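Input: a single structure, listed below in structure tokens.
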Amino acid sequence: MSEPRAPKRLFIETYGCQMNVYDSERMRDVLGPLGYTVAEKPDDADLVILNTCHIREKATEKVYSEIGRLRAHKERRAAEGKGMTITIAGCVAQAEGEEIIRRAPEVDLVVGPQAYHKLPELIARVARKSGEQLATDFTAQEKFDRLPARAPDGVTAFLSIQEGCDKFCTFCVVPYTRGAEFSRPIADVLAEARALADKGVREITLLGQNVNAYHGGAAFTDLLSALAEIDTIARIRYMTSHPIETTDELIAMHGSEVKLMPYLHLPVQSGSDRILKAMNRKHDGAFYRDIISRVRAVRPDIALSTDFIVGFPGETEKEFEATMQLVNDLHFAAAFSFKYSSRPGTPAAAMVGQVSEDDKSRRLAVLQKRLFEQQTQFNASQVGRTLSVLVTGTGRRSGQKHGRSPYLQSVHFDDARARNGDIVEVHVTGSSQNSLSGEVSSLVRA
Ligand code: 5AD
Ligand code: SF4
């Protein structure tokens, strides 16, 4: 008889977008049957996966410095007679797989986003030292078919319905790292949603690089309606969307479907029409403003969120001012903003007029200051209102709970009765830049 073995420990570090968060959860699920339990730190893990992001240069650099740190742990463990398998997953793996293998000999395995269902086999092969190191070419459909439904650890879950991008914004690597737009068949999506609902999930966030371009045998709005019919799913969200895929039907649905939460993440990138054109965004400022005014006509309280890039090649001070004007006019509840980062191989990287680091930093600081003010204002505007809050967890003090407002704000309140998955009515009494606090006025059991 063999000795009982200690459970193997898995550490996953996730960088970048929600798609990666989702993929990391699925990697964890797919490796569970192999006996991997989750470790809090990489130091003593048998298997470390860095699920990487390639979208900006800084994100890529972080991967190499993290590999450097892991090398020390790997060497220490080797001295103790233990192994550490270092796996690089995600978009850096897809884009630079061979270079990683060359530059970082301590890396055992490189696996791209379409091959995660093969992880158990690949890990086993590494263990047997049988050589195969690269697994970056599979179709997106194969990946979705073979990964099991994720085991949710709470009452909110991501559900990936679409991957890849055909838009080719001139700054962006996604069309190269995640491939062509692909939508999962609606039957598969609904089956996964029902499985999540059966496990207690009450809020589903549909994910995709162009989620509203969904065309898996039904329109995106048909999918939303079908999801809304699942009784115990109380809330539906989606991200990320492209303005040119925002149909009249989708806008109307924000006014008619009560389960569709009043939150819209719709990246605009810039307020300057010349820059939007150079970015190949396929929309101008007026088009974006028109969508927002139509959404607000049917859902006046909607929380609007977006992405900005400052310092795109050739961006003048005046063009940056156009972005500030758009922010001042539209009022965002939340936003992500970035300095333009040149990505090798994208058209913008070869454009003349690259903006200096100083100018980019200054513009970003000005923009973020205003965005933070707007976020704080949006949160403050909830004080005095009563919001439906989905309970998602327990605070440190006894009786302390936290949850999510319809507008995706985190809300803190005291109520010993409320359990995860309940929806409680909270009278909001306080706000800050990042959260709300209040008192429970009623409770609806899940
Ligand atoms: N530089 C800076 N920001 C970028 N984004 C995508 N590519 C780049 C880049 N090269 C931002 C965009 C996008 C978000 C996910 O990341 O704002 O919407
Ligand atoms: Fe990148 Fe543009 Fe596609 Fe978004 S729409 S993933 S920014 S190419």
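Here the Cβ of each residue, glycine as well, is placed from N, Cα and C on the backbone.
Annotated features in TrEMBL:
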type	residues	note
BINDING	CYS17, CYS53, CYS91	[4Fe-4S] cluster 1 binding site
BINDING	CYS165, CYS169, CYS172	[4Fe-4S] cluster 2 binding site
DOMAIN	8-128	domain 'MTTase N-terminal'
DOMAIN	151-377	domain 'Radical SAM core'
DOMAIN	380-442	domain 'TRAM'
Margin query: Taking ligand 1 as the reference and 6 angstroms as the Cβ limit (strictly under), which binding-site residues among CYS53, CYS91, CYS165, CYS169 are close?
Written below: none
Next item on the list: Using CB under 6 Å from any atom of ligand 2, narrow the binding-site residues CYS53, CYS165, CYS169 to the ones that qualify.
Entry: CYS165, CYS169
Note to self: Tell me which of the binding-site residues CYS91, CYS169, CYS172 sits in the most Cβ-dense spot, judged by other Cβ atoms within 10 Å.
What the structure shows: CYS91
Note to self: Can you give me the same-chain residues 6 or more apart in sequence from CYS17 ([4Fe-4S] cluster 1 binding site) with a CB-CB distance under 8 Å?
What the structure shows: CYS53, ILE55, THR240
Next item on the list: Using the centroid of the Cβ atoms of CYS165, CYS169, CYS172 as reference, list every other same-chain residue with Cβ within 8 Å of it (recorded [4Fe-4S] cluster 2 site), in sequence order.
Entry: LYS167, PHE168, PHE171, VAL173, VAL174, PRO175, GLN209
Next item on the list: Determine which residues of this chain, when CYS17, CYS53, CYS91 are set aside, have a Cβ within 8 Å of the centroid of the [4Fe-4S] cluster 1 site's Cβ atoms, and list them as they appear in the sequence.
Entry: TYR15, GLY16, MET19, ASN20, THR52, HIS54, ILE55, ALA59, GLY90, THR177
Notebook entry, point to check: Any idea what the Cα distance is from CYS169 ([4Fe-4S] cluster 2 binding site) over to CYS91 ([4Fe-4S] cluster 1 binding site), rounded to a whole Å?
Noted result: 17
Notebook entry, point to check: Tell me, by DSSP, whether CYS91 ([4Fe-4S] cluster 1 binding site) is helix, strand or coil?
Noted result: helix
Notebook entry, point to check: Under the DSSP assignment, what numbers of helix, strand and coil residues are found in the domain 'TRAM' (380-442)?
Noted result: 1 helix, 36 strand, 26 coil
